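Peer 1: Let me give you the structure first, and then I'll get to my questions.
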Amino acid sequence: MDLDAITEYSALHPKPSGLILQYGTAGFRTKAEHLDHVMFRMGLLAVLRSKQTKSTIGVMVTASHNPEEDNGVKLVDPLGEMLAPSWEEHATCLANAEEQDMPRVLMDISVKAAVNLQQDAFIVIGRDTRSTSEKLSQSVIDGVTVLEGQFHDYGLVTTPQLHYMVYCRNTSGQYGEATLEGYYQKLSKAFMELTKQTLCSEDEYRSLKVDCANGIGALKLKEMEHYVSQGLSVQLFNDGTKGKLNHLCGADFVKSHQKPPQGMEMKSNERCCSFDGDADRIVYHYLDVDGHFHLIDGDKIATLISSFLKELLLEIGESLNIGVVQTAYANGSSTRYLEEVMKVPVYCTKTGVKHLHHKAQEFDIGVYFEANGHGTVLFSKAAETKIRQLTKELEDEKRKAAAKMLENVIDLFNQAAGDAISDMLVIEAILTLKDLTIQQWDALYMDLPNRQLKVKVADRQVISTTDAERQVVTPPGLQEAINDLVKKYKLSRAFVRPSGTEDVVRVYAEADSQVSWDGSIEKMCGESLIPWVVGVVVGEKRKPFQ
Ligand SMILES: CC(=O)N[C@H]1[C@@H](OP(=O)(O)O)O[C@H](CO)[C@@H](O)[C@@H]1O
Ligand SMILES: [Mg+2]
């Protein structure tokens, strides 16, 4: 390691002294102007991780659904998954080392992690459409180059596309070809195969309105459009030509405000969906004939997908196990429906995709979705091999067709990460195959009314939780107080946790709409429960907003 060169180049990406950042649930995220040194250093760290794992590592420059002025960076591990927790700590140490200490901290990491510095390193880099992303990704490249790592810059890609590239490169192309063309080909082939029988009918092309959050999803969907145009016609809104990224539109806005995005013409009963700013989340929505807005979130997406998969499994007659993984934010109705009606085992993990992904790997088929629309389905190697084998061996036509469908579903899902484009194609294929309208899908179960708020507090770490964040441990007394309140209302549930991505505390509450008191759920959550919980959390400093 040429420490002089590192010191020299680092001076071109100086750390503002005293700035402390944390590698959180989704990497580093903050105002773009504070990130130059972090990018350079993540370039360095990616090289060490690549040498240690003897694999290609990804670096994605994005702040997802956060405002345009923000930016962020996260590292992608060899199989397309999130960075290992021990390396998150290294990332935090390296990002926070004062300028003069940085080379030493870098050396320490390489010693601690037993990195063989002689090993080659290869890094792939991607970025979203933020105006600051290009320059910041150049700083990543500076970091990679000073440690003599090789790299390929994919330029503008969605976050899940970068995860896909990493996965492809580390499986010698077995997962797919590590190019955008390879990604489009793989997904479109699976989609067209899945839906081809239904295309024989006289159906007019299925059309779908997509709110692209003025982000990268618009560019990539435009590139992909013609590959699937025989089976699906997409109409893009908020494509970045005029609006501001994530502003009053996109999956996060739609989910958290439970309102339609601006900039999208919605007629009643039309199927619409929204991506977030880096296209790794999707939610569906529509207006009914009375003009009421209906949101179909990650929970209902998981339900649609798992019921489809369960039917196919029954059809092929193989005892492959299936599990659904959710977080505490999953609507209680979805959990009940999955467990009681569909008889599928449901598990709850902490918030953050890495936790869900990890749990989902325990099943032959692991379906995971956050309520906000981030998720995918993982197939174990054994399940995949079995299914591919069945497509060849089965003689019964019906069973064989089901196995083929499952095979295409395996190829259509992005198994490296939740992916709005891939999930959208899966959902469209299922709706077509089952001949379901968006209203029929929505009617699977009724969401319990719910509210989510964020609250600024002096120190969000005063709150610690357990039981997949559903129970508060500290401050003492808070959990008992929540218990006392929720037991007054039917089907009610509430929890409080510190955010892993923002300097806020999140408060969530849900309850039956028929609560036996004279107020509505609005009143219970908005006027009673949330401010009350907030009051306990922050005492005099309370300042709810949003
Ligand atoms: C309630 C909620 O939506 N939380 C989001 C948010 O995490 P927080 O730790 O809640 O800030 O950002 C994560 C990363 O994008 C995402 O995985 C997660 O679902
Ligand atoms: Mg995102």
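Placed from the backbone N, Cα and C atoms, the Cβ positions cover glycine too.
Quantities reported herein were computed from a predicted structural model and do not represent experimental measurements.
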Peer 1: Check each of the ranges 44-71, 184-211, 380-407, 492-519 against TrEMBL and return the one annotated as coiled coil.
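Peer 2: Result: 380-407 is the stretch TrEMBL calls coiled coil.
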Peer 1: Of Glu370, Pro498, Gly500, which is closest to Asp276 (Mg(2+) binding site) if I measure between C-alpha atoms? They're all binding-site residues.
Peer 2: Glu370
Peer 1: When DSSP states are grouped into helix, strand and coil, how many residues of the domain 'Phosphoacetylglucosamine mutase AMG1' (178-283) land in each?
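Peer 2: Helix, strand, coil within the domain 'Phosphoacetylglucosamine mutase AMG1' (178-283): 41 helix, 19 strand, 46 coil.
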Peer 1: Could you give the Cα-Cα distance between Pro498 (substrate binding site) and Asp280 (Mg(2+) binding site), in whole Å?
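Peer 2: With the alpha carbons as reference points, the distance is 23 Å.
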Peer 1: Determine the mean pLDDT over the domain 'Phosphoacetylglucosamine mutase AMG1' (297-435), rounding to the nearest whole number.
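Peer 2: Result for the domain 'Phosphoacetylglucosamine mutase AMG1' (297-435): average pLDDT 97.
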Peer 1: Sequence-remote contacts (6 or more beyond its ends) of the coiled coil (380-407), Cβ cut-off under 8 Å?
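Peer 2: Answer is 193-194, 309, 312-313, 315-318, 320, 361, 363-366, 433.
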Peer 1: Given Glu370, Asn372, Pro498, Gly500 as the binding-site residues, which ones have a Cβ positioned under 6 Å from some atom of ligand 2?
Peer 2: none
